[in-house]
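K.L.:
What follows is a structure written as structure tokens; I'll ask about it next.
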Amino acid sequence: TLAKLIIPAKAGYVASNTFHNWRHAWSVTMASYIMIQSPSVLPFLGPREKLAVLVATLCHDITHPGVNSDFLIKTADPMALKFPTPNCLELHHLDLTLQMLSPGCDTDILLNCDDTDRSYIVALIRDLILATDMGQHKHIVTCLTKLAEPGGITDTDPSQVSDETRRQIVQGIVHASDLSGQALPPAIACQFGKRVLEEFHTQHEREVRENLVESSFMKDLHLPLAQAKTQLGFLHYVAGPLWSAISRLFPEFTPQYQNILNRAHEIDFDNINEWGALHGGLVAMNRRRSSVLKGEGPNDTTFIRIRSEGARNCESSTSINGRDISGASSSFPPAGTPKGASWDSHGS
């Protein structure tokens, strides 16, 4: 059963990481579970795809060191030497996952699968973990956008879609789940935002101490203005286009897209030092005053009303680690979701 994998996977996450820890992995897994069980998605997937999604999300950041691939490459970390590519972290996570699924291991939950099913599931897990690489973001958004267009899957019999189409759907679900923090209710979204910026800030401090080339998007994150620019850039260029495509393909996820729009609308560049005082600081550091999100934003469904200064400040923020990430520009849970599994609770 999946339980044979969950406990060892949990043990593989680094508890001291501010963001990339077991709580993140579990939140991503729950988000993907809710999505694959939703009425509009469920008919497109079989048991093999659903199992691959759950395994991939559980393990997608296992033993994450709290720094990104670029840092590992700059420091000639053994992980980067073993996987000499820009996505060395994702390849490392994949390698550990495949080790746990090796025949004969106690964690091999594919023990009773025949060779055909095992090969299919393992190959899909590989694709899904590698899909969490931000270098794949633009491609995934483009694929989802095409699937939502006339002639895509909206008017197609789910039983007739190809394995390639199913792969694109679950890649989009895993990527969206990985970036679902700001799609959650405000208090939870704030905590995830706070934690990821804290982790970025810590990495930048290490880069300075070790005289490395500094990651520009991680610089000055103790300042409210830098926090706001980073947050708006992520929402506008990354999470927004992704969840927009997801909501067009599967409209029941429109409330989650609206949450992302609300987070963007909350950012007030005219009153940046008072940007949110509800949750005690977006980056929690005693030595410098920081800021947070507050309240619900206007109920618009576009980014048109985002303050022009913020949009200008973020116009060039279309890359992470030098990699292009610009996208092609309720009542919940849905029927069939177990009690307690909802967007309002799974990240808390």
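From the backbone N, Cα and C atoms, a Cβ is placed for every residue, glycine too.
Those TrEMBL annotations? Automatic predictions, nothing curated.
The domain 'PDEase' feature in TrEMBL is assigned to 1-275. As annotated by TrEMBL, active site, proton donor applies to His20. According to TrEMBL, the feature AMP binding site maps to His20, Asn21, Trp22, Arg23, His24, Asp61, Asp178, Gln231. Annotation source TrEMBL lists Zn(2+) 1 binding site at His24, His60, Asp61, Asp178. For Asp61, the entry in TrEMBL reads Zn(2+) 2 binding site. Sequence annotations record features per position, and here TrEMBL assigns compositional bias 'Polar residues' to 314-332.
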K.L.:
Measuring CB to CB from His24 (AMP binding site), give everything in the same chain under 8 Å that is also at least six residues away in sequence.
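P.N.:
His24 (AMP binding site) has long-range Cβ partners Asp61, Phe192.
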K.L.:
Within 10 Å of the Cβ of Arg23 (AMP binding site), how many other Cβ atoms can be counted across all chains shown?
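P.N.:
I count 17 other Cβ atoms within 10 Å of it.
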K.L.:
Pop the Cα-Cα gap between the residue listed as 'active site, proton donor' and Gln231 (AMP binding site) into the table, whole Å please.
P.N.:
18
K.L.:
Hey, which of the binding-site residues His60, Asp178 is the loneliest by Cβ count within 10 Å?
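P.N.:
Least crowded of the binding-site residues His60, Asp178, by Cβ count within 10 Å, is Asp178.
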K.L.:
For Trp22 (AMP binding site) and His60 (Zn(2+) 1 binding site), determine the Cα separation and express it in whole Å.
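P.N.:
Cα to Cα, Trp22 (AMP binding site) and His60 (Zn(2+) 1 binding site) are separated by 11 Å.
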K.L.:
Helix, strand or coil: which one is His20 (active site, proton donor) in, per DSSP?
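P.N.:
Looking at the DSSP assignment, His20 (active site, proton donor) belongs to neither helix nor strand, so coil.
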K.L.:
For a quick check of packing: other C-beta atoms within 10 Å of the C-beta of His20 (active site, proton donor), how many?
P.N.:
23
K.L.:
How big is the Cα-to-Cα gap, in Å, between Arg23 (AMP binding site) and His60 (Zn(2+) 1 binding site)?
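P.N.:
Arg23 (AMP binding site) and His60 (Zn(2+) 1 binding site) have their Cα atoms 13 Å apart.
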K.L.:
Pop the Cα-Cα gap between His60 (Zn(2+) 1 binding site) and Asn21 (AMP binding site) into the table, whole Å please.
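P.N.:
Taking the Cα atoms only, Asn21 (AMP binding site) lies 11 Å from His60 (Zn(2+) 1 binding site).
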K.L.:
Determine, to the nearest whole angstrom, how far the Cα atom of His60 (Zn(2+) 1 binding site) is from the Cα atom of Asp178 (AMP binding site).
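P.N.:
One finds 9 Å between the Cα atoms of these residues.
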K.L.:
Please work out the number of neighbouring Cβ atoms within 10 Å of the Cβ of Asn21 (AMP binding site), leaving out its own Cβ.
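P.N.:
Total other Cβ atoms inside 10 Å, all chains included: 19.
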